[in-house]
């Protein structure tokens, strides 16, 4: 729901935008025979498109024109079609529903829906009941048997039965009373929008587009019905993954961005919260992946049969129990980041597939050490007879079959989803165009694959970090802000606070001019720690929290804080800042570029900018402001 809607309420989805009145199936082209006469046959017929240039599947158009009664065999099957409306299209039936926001959940009232799908290659020449019961996990075999025996399934508009064989090109249809699972009610945030694209921050716990059990409860349909934005995704995120998504608002724009992504002209950065102390050094996992069971969405490393997959990881912070890790996938396999993290022994802490000790044992599948058949058996029970469990939530309620039936269709109903069904601490943080001359992130991108295609206009989008990635960071930034408030204000310099942290422990604090001379906060924190341990170094993996961006230039001749950080040879791995330095005293601070170039992560902690700037300028109480002068 949007931020303007109440915590609980009911909204009716806006009707789906109709296909342009001018839309019709293009005529078959006329081809010349060798004798010169004309004959009608299909010659590369252009695809159907809507008014925005998006391609339309033939079944989508059929749903707008045909009733389920027609699709399921019509009068030839009328004895089995009691209650099927003859004069309502399949699309009319599908749209006859409401959104209901119920606290943390978004629900959809049940509605009638006609599934239509063409034969997939792996279904060819197979029995329809066998295909239904092995390909679709939603219902048991008995449900599909009953649907076939009652005339509820058709092939090419003809009634199917339990002995029907699916052939290449067949259209299989099945009408049902649909019960969509509840999803998160957290809002979809707009990061950027123009005439061609909308960039969003997708919440965890909602699918991107209609698939499986979901249709109305998806990002694309919520955008269209509640925000009036019709767009197609250019990149995909799993239902549980949150973060940055680019969507095209017309067919040409969507195709162009999708092409750019396929050519690997886009760098992607994700943030994850993982089990244990992740290695401080940059870690590269180059392990092929295979889908073990698509019905279970279960993937694993397979050196023999897997497809190439490569991910670069870098630790941002460690709190003594879990780590925040920056992840950069160089390929795009299903669950790539999640499986590679598990392989390292550091699965995402609330991953319902890859982090549960109940499924993987105490080593959590590290190094591929697990019993494949046993893991597969246990995963098949999740969401059916047992709720999902994770390292973070080993014992919690979640979605599973309830034992209760729908009064209309007698389908067994599911319970509401729980925390492990709605959240995954994996977030798409930043997407940016990439060219071969880009030096920023060069160290982090070592071992990268070749960039294909032509150079494109530079662009970059990022979201704020999610709350789960900022729990410790906000605590230490608040501590740095308290340090800044200790600083005696002057008319010639900022008041800044700094904190050094390693493995969840504070090493030292400092504030501007705390030590003798015109000293800076980061400098003072470092010098205090050096004096305590007797050497000019900090432990590897140290995090620096500073209320203002470290200076890159000191006109007084003192060593800039940027250079002090770089002198420690990467032992400060992450720099968290409260506000970027204004160009009041020194123009163009280049700390961000220099630190990122050396592989030191640089992250702004949201929510501190206003107060950090007020304190920096000596006006925390709104009373004064420094003069324009040099440090």
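Numbers here mean position along the shown chain, with the first residue as 1.
From the backbone N, Cα and C atoms, a Cβ is placed for every residue, glycine too.
Predicted automatically and left uncurated, TrEMBL annotations should be read as such.
Note that the structure is predicted; figures quoted are calculated from it, not measured.
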Of 1-48, 49-96, which range does TrEMBL call region 'Disordered'?
1-48
Within 10 Å of the Cβ of residue 238 (active site), how many other Cβ atoms can you find? Include all protein chains, please.
17
Count up the helix, strand and coil residues in the domain 'CMP/dCMP-type deaminase' (471-602) according to DSSP, in that order.
41 helix, 26 strand, 65 coil
Integer mean pLDDT for the domain 'CMP/dCMP-type deaminase' (471-602):
90
